[in-house]
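Reviewing the structure listed below.
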Amino acid sequence: MAVSAQLLVQELQIFGLECEEALIERLAELCILYGQNEEGMVGELIAFCTSTHKDCLTSEVLNSFEHEFLSKRLSKAGHTASRDSGHAGARDIVSIQELIEVEEEEETLLNSYTTPSKGSQKRAIATPETPLTKRSVSARSPHQLLSPSSFSPSATPSQKYNSRSNGGEVVTSFGSAQGVSWSGRRGASNVSLKILGSPEPLTRSYKLMFQKLLDIREVLTYKIEELGSELKEHYKIEAFTPLLVPAQEPVTLLGQIGCDSNGKLNHKSVILEGDREHSSGAQIPVDLSELKEYSLFPGQVVVVEGTNTTGRKLVATRLYEGVPLPFHQPTEEAGDSEQIMVLVACGPYTTSDSITFDPLLDLIAVINRDRPDVCILFGPFLDAKHEQVESCLLTSPFEDVFKQCLRTIIEGTRSSGSHLVFVPSLRDVHHEPVYPQPPFSCPDLPREDKKRVQFVSEPCTLSINEVIFGLTSTDLLFHMGAEEISSSSGTSDRFSRILKHILTQRSYYPLYPPQEDVAIDYEHLYACAQLPVTPDVFITPSELRYFVKDVLGCICVNPGRLTKGQVGGTFGRLYIRRQPADSGEGRRSPCAAAQVVRI
């Protein structure tokens with residue numbers, strides 16, 4: 001075994017030790033004699049000096065290190081090996097006790113590296129005479145359930161997050177939220193949850209990356225024709241004109257907004273892609289100079305009125321507004337309409353500089369304190385963009401870390417009785433990165449929690465006591481805001497414009513082509529990611545600023561994310577109350593109050 005004196009010197013310099021050349025040679029001899037490498041030998045030497053309070057390295061210290069530690073370890077190892085080779089199956093009580101003593105000595109050596117803590121850290125030893133009690137295994141707090149040190153070598157709490165002083169601050173409100181006492185009023189068994197679909201909800205995984213271009217074209221064409229038919233009926237339009245037919249009179253055209261290049265859409269690069277029935281998919285440039293107000297994005301289905309004298313360019317003079325779907329009408333059999341509390345939060349649940357899940361534990365404490373009737377939790381639960389995940393520093397599989405996180409939430413909130421709804425995210429590193437995204441799979445969910453825990457797809461339309469929630473964890477506001485172009489004569493709210501597009505295009509993701517990091521399966525997009533009705537409440541978490549807005553009668557909430565980099569973020573809470581079916585009044589929003597609060 002070759003030993004490098006230079007490596008020994010470098011290892012000692014790490015701990016600030018310098019010694020004579022004779023001592024280095026002696027240390028190299030010990031490495032060869034006891035079969036230890038340079039790093040391991042210096043580590044054990046430093047531990048020995050620390051435990052025996054030796055300040056400097058001398059020949060006497062090396063002699064003591066050899067006789068009191070190295071030789072004893074070698075003799076015990078040889079004694080154990082000879083016993084195991086002679087008769088490994090039978091060990092008496094004396095040999096077992098010796099093994100325990102060796103293990104305790106090793107733990108004492110390891111503890112010399114660490115800072116002393118309050119109380120003993122020794123592991124409880126379970127024997128037939130003294131078994132571990134059931135209470136010590138099951139009666140654990142969320143802090144005990146989620147142990148970051150088990151899957152990360154550097155589980156250090158975030159200093160910036162722990163030093164925040166504005167926790168619990170209300171940053172925005174909606175409705176009669178002033179002076180409201182936020183707490184749930186009913187048990188989870190009295191809350192009715194139902195998933196709606198258009199035409200059917202997504203409940204299981206499906207084959208990815210198996211799309212044919214013809215199938216994608218069929219979906220996009222049908223979307224244009226379906227929305228065009230609705231707009232034609234609503235505005236009483238007689239007929240649509242083909243795109244490339246010259247006309248001296250104003251014409252009405254149906255198509256989809258596109259860009260004439262690979263760059264970002266601008267007012268000079270807008271083209272209109274016609275439908276298959278009237279225009280055979282032809283394209284024509286659009287001149288927007290005659291329009292005083294417009295808001296356009298790639299993939300938007302529009303009906304445009306204008307002049308097309310040459311058949312090569314359309315000068316737009318009018319843009320027909322989109323029409324949203326009707327709201328859901330509650331049935332008379334829906335029962336009473338008592339007010340319930342809904343809490344919404346979106347990941348990441350860790351700060352960017354730590355993997356300790358402290359924000360998640362704080363959220364669990366809020367749930368146990370306020371006892372909301374329903375908690376809607378959006379991913380990512382283990383963020384693919386986290387530094388330790390990107391650098392592959394976690395020592396456990398991503399799936400195992402997620403299951404530990406999931407178990408912490410479910411068991412940690414069991415006493416609150418709250419319904420839990422889990423919505424996946426494309427940033428969940430362990431989950432299928434396709435849109436629409438199937439729900440999480442949790443076959444080992446405890447029987448006592450099955451009635452109050454629900455896993456839904458991304459996106460999802462959920463009925464909570466006949467109040468319709470639209471849920472999506474994809475950052476629609478950011479994606480569409482980066483592509484939208486607009487012109488307005490007065491002040492215009494960008495968020496309201498984007499949300500209005502989502503409701504009038506009747507899709508959870510109307511942008512085409514999508515963002516580069518969003519892989520869309522278009523057949524499932526049409527089957528599972530269309531709005532069946534206009535939701536009463538639309539939850540769309542985003543990196544952009546939090547808000548609560550009323551858009552076309554739908555209460556749109558961006559609760560923000562639970563963490564923003566190294567600091568704490570926000571979550572949302574709502575009071576909802578279904579309007580009775582036979583009230584005889586006009587429609588009123590079922591959202592009585594809403595707030596966005598700092599964690």
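Glycine is no exception: its Cβ is also placed from the backbone N, Cα and C atoms.
Per TrEMBL, domain 'DNA polymerase alpha subunit B N-terminal' is recorded for 8-72.
TrEMBL lists 107-169 with the feature region 'Disordered'.
Feature annotation from TrEMBL assigns compositional bias 'Low complexity' to 141-158.
Feature annotation from TrEMBL assigns domain 'DNA polymerase alpha subunit B OB' to 217-322. With DSSP classes pooled into helix, strand and coil, the tally for the domain 'DNA polymerase alpha subunit B OB' (217-322) is 22 helix, 40 strand, 44 coil.
Marked as domain 'DNA polymerase alpha/delta/epsilon subunit B' by TrEMBL: 342-549.
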The domain 'DNA polymerase alpha subunit B N-terminal' (8-72): DSSP-derived helix, strand, coil residue counts: 49 helix, 0 strand, 16 coil
For the domain 'DNA polymerase alpha/delta/epsilon subunit B' (342-549), mean pLDDT (0 to 100): 93
